[in-house]
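K.L.:
Dropping the structure in here first, questions after.
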Amino acid sequence: MHALTGLSLVSLLSFGYLSWDWAKPSLVADGPGEPGLEQPSAPPPQPPHIIFILTDDQGYHDVGYHGSDIETPTLDRLAAEGVKLENYYIQPICTPSRSQLLTGRYQIHTGLQHSIIRPRQPNCLPLDQVTLPQKLQEAGYSTHMVGKWHLGFYRKECLPTRRGFDTFLGSLTGNVDYYTYDNCDGPGVCGFDLHEGENVAWGLSGQYSTMLYAQRVSHILASHSPRRPLFLYVAFQAVHTPLQSPREYLYRYRTMGNVARRKYAAMVTCMDEAVRNITSALKRYGFYNNSVIIFSSDNGGQTFSGGSNWPLRGRKGTYWEGGVRGLGFVHSPLLKRKRRTSRALVHITDWYPTLVGLAGGTASAADGLDGYDVWPAISEGRASPRTEILHNIDPLYNHARHGSLEAGFGIWNTAVQAAIRVGEWKLLTGDPGYGDWIPPQTLAAFPGSWWNLERMASARQAVWLFNISADPYEREDLAGQRPDVVRALLARLVDYNRTAIPVRYPAENPRAHPDFNGGAWGPWASDEEEEEEEEEAGRARSFSRGRRKKKCKICKLRSFFRKLNTRLMSQRI
């Protein structure tokens, strides 16, 4: 599945600007880090505690060490003392990143290729997938989740506590009020969404979510023995919309001209302080010296809601670098070479085998994983085993006006939205999303005409090719000059697509309305619907093995309406 090719990685300066004065193959180990104290005197007496912190919609430019105007002293310090991941990739929207983190598999192998899981959809992370916390439980870990789930909840079996977490406090949907925890999925379809375990946590309403989640992490640490390995998954709601922040954080950004940027900056700084409190609790309760802290964003910043991905192209929801290049670093006393920047190619699917390996377990491509164990690359500066990334193939998003099978050399329909990185080359087909280069927002009102101008500039294309090492800003399209590379990468897309399973994107169910669940979002599926879903999953597995069976007439009719509904919902998105 993974082609081994030469790869030149991207150099990222600590101020967030990408340099052009070097090219270094990915198969060469990183340069030396700070000597001396970086070598631990002895192996840890037990598997390390693992703390994975995931932020929501934090842009590439929205951290101090990338030259931002936002204050993030904690993140800056932790990154400086650890290993900055400056060739790190995530997915462009919420659900795909979270699903790949917890399964180690690309979207094409879980059926979540299209969009996100919406609150009223009978859909969730496939139940036949063994999740990262389940693997860590097998290794003797206590597992806890705090924050945003966004991987489906229509059945109780989909809930975090049924997918490997011993405890859970957070929201099930993708977007809630930071104080009231209300979420509206359309006019009049509103409900409360804060859960503790499998119960609605009505009594915790009114507390700002970033602070509430940090307090819960501290409580978990205070009540847990450092002698038992611990996995903490902290998925902050911050800094996703709505833009809400405690007043004391807003005051320090009162001179910012752009209101959205001002609120967003306050939220980022509040989140930074929450990370400081979590780190302090790790030290206070005796966990820190045997801990590995991973920090990651989930997708690019939403540029018209305060975020910034400058100087990268694009934003959240796009396959340009601004949508898929992630913020990431690892901080740990267990790192063998600290205080350095790693340019090893890393993808969010890699955390699954990497963390399972740290826990003493095994996980590899033989288990159907798309991720690699990148701990030697991170901790020791060795070469990354990864040489390519399938960003995605979305067969339902095939509306690019100028795409065709002919334009894809007869092997690929370029109207289909897809993106792949192989070595130093990146190929995009279909509609990758809005391709602006948007500077940090400083004006009181952002000129929306820039948006339309950029769209018009690329309106007649459906294939792009970039040398990401030489052109990290994606300004020079080489598709016309290098048809040989285009054809080779299209062939890789074809190879990947042969392994894809059908998309899971069902129609919304009216019974999911919170009014039928006491005013809160929560599981709603009946036993009959659960059986039907299991039958559908079985058909999907049979399809992926090439053994589709004939269906009865009513089944065909049902399938027709499902596909029709999917098309309509895709158009709506």
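Placed from the backbone N, Cα and C atoms, the Cβ positions cover glycine too.
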K.L.:
In Swiss-Prot, the Ca(2+) site includes D56, D57, D298, N299. Which of C94, C124 does it also list there?
P.N.:
C94
K.L.:
Just to be sure I read the record right: K148, H240 are listed as binding substrate in Swiss-Prot. Which of K316, K336, K338, K426 is listed for the same site?
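P.N.:
Record check against Swiss-Prot: substrate site with K148, H240, extra candidate from K316, K336, K338, K426 is K316.
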K.L.:
Within 8 Å of the Cβ centroid of the Ca(2+) site residues D56, D57, C94, D298, N299, which other residues of the same chain have their Cβ?
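P.N.:
So the additional residues around the site are T55, Q58, I93, S97, H240, S297, K316.
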K.L.:
With every protein chain in view, what's the tally of Cβ atoms within 10 Å of the Cβ of C94 (Ca(2+) binding site), excluding that atom itself?
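P.N.:
For C94 (Ca(2+) binding site), the 10 Å Cβ neighbour count is 25.
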K.L.:
Going by Cα-Cα distance, which of the recorded positions (D56, H150, H240) sits nearest to N497 (N-linked glycosylation site)?
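P.N.:
Closest by Cα: H150.
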K.L.:
Highest CB neighbour count within 10 A among the binding-site residues D56, D57, D298?
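P.N.:
Per the Cβ count within 10 Å, the most buried is D298.
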K.L.:
Under a three-state reading of DSSP, tell me whether N277 (N-linked glycosylation site) is helix, strand or coil.
P.N.:
helix
